[in-house]
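Novice: My questions all concern the structure below.
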Amino acid sequence: MAPGALLVTSQNGRTSPLYDSDGYVPAPAALVVGGEVNYRGYHHAEWWVGNAKQVAQFYITRMGFEPVAHKGLETGSRFFASHVVQNNGVRFVFTSPVRSSARQTLKAAPLADQARLDEMYDHLDKHGDGVKDVAFEVDDVLAVYENAVANGAESVSSPHTDSCDEGDVISAAIKTYGDTTHTFIQRTTYTGPFLPGYRSCTTVDSANKFLPPVNLEAIDHCVGNQDWDEMSDACDFYERCLGFHRFWSVDDKDICTEFSALKSIVMSSPNQVVKMPINEPAHGKKKSQIEEYVDFYNGPGVQHIALRTPNIIEAVSNLRSRGVEFISVPDTYYENMRLRLKAAGMKLEESFDIIQKLNILIDFDEGGYLLQLFTKPLMDRPTVFIEIIQRNNFDGFGAGNFKSLFEAIEREQDLRGNL
């Protein structure tokens, strides 16, 4: 071991070198992690976008986020700018290049920045604005990373420590479906606003002083769309490399309309704090919403992120007041739902009339119910959107709403000429 190598002790009690003077010291190929690694939840989602500052402002003014940290020319980042916004437990990072990808520009960049700049421009050209990375906070980065790589995951960055005056953070990253990545984050002693290298935002955005608040709790789940016959391989990756299990699934018999269909499997971390639904298209008369996404995103990627709220009526009302556009649900859905709720003896705490007025969808079983609503796509490409969700003793994913939801999205698809 090289002098000065950093040692990290994993949950199984094994002390390993994280890196030495020549770089990361890889784990044995046959490594099996002892014990179950604890996933703490989603740490953040990073979006690669054309103009990070403007996109951050959209989430601040439209969705009630607050600016918490940034990185850019002012902090010594010469080629990229990142703006971090947060709403309670929901963190989004928006990153853009601030220099051209022209060769003469790249000559001045370190090799790592050259590669990242090239990748970012390729990503923006291929996908448009989209989610590049979904980051998980874990108790043991070393164990999660080693287990993933030993079971076939492709490394993006090996475990390393970033330090600043506010403490240390250990992180690593792997590839998942398409061009999407997962970063593992372990906040060992860190007390800062986001991650080392970011500067805290000290002022509150003035727009939020004049707009109704939006109370979000956390990222509930993050959905990935796959191309034809790719769902099984994606789910196998989460089982094999990350120790996830199949939590819930529906097939094309359950999610179909007159024109199109899809299949979906929800993958969950062992402790069920992280859930990653995986969709793929199924055969129908016309193009499904999954096919439309894959066509315009040019491959698999994150379709939507569900944000949990304790009060969806207040959240959706205030989001609408701020200018957020949601899908429309026909009155016939609510006529049928009122009868279903009455037949099942299910009583909602919320006013049914207000739920209908706001176009909120309802699903339920004998134990509880779920309220949810979906925004329209957030950019001109019909790709990524946001879900607002409230759970009342209900762990499902709105299977009872899939047909109505699919039909609502198809109406938007038809307006775009993509059905």
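Cβ atoms are placed via backbone N, Cα and C, with glycine included.
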Novice: Quick check: of His127, His283, His304, which does Swiss-Prot put in the same Fe cation site as His221, Glu387?
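Specialist: According to Swiss-Prot, the candidate sharing the Fe cation site with His221, Glu387 is His304.
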Novice: Relative to the mean position of the Cβ atoms of His221, His304, Glu387, the recorded Fe cation site, which additional same-chain residues have Cβ within 8 Å?
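Specialist: Neighbours found: Asp220, Cys222, Val223, Pro277, Gln303, Ile305, Ala306, Leu307, Phe374, Ile386, Ile389.
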Novice: Quick one: average pLDDT across the domain 'VOC 1' (41-187), no decimals.
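Specialist: Average per-residue pLDDT within the domain 'VOC 1' (41-187): 95.
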Novice: For His304 (Fe cation binding site), write down the residues of its own chain that are at least 6 apart in sequence and whose Cβ falls under 8 Å from its Cβ; none is a fine answer.
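Specialist: Listed in sequence order, they are Cys222, Val223, Phe374, Val384, Phe385, Ile386, Glu387.
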Novice: For His221 (Fe cation binding site), just count the other CB atoms lying within 10 A of its CB, please.
Specialist: 21
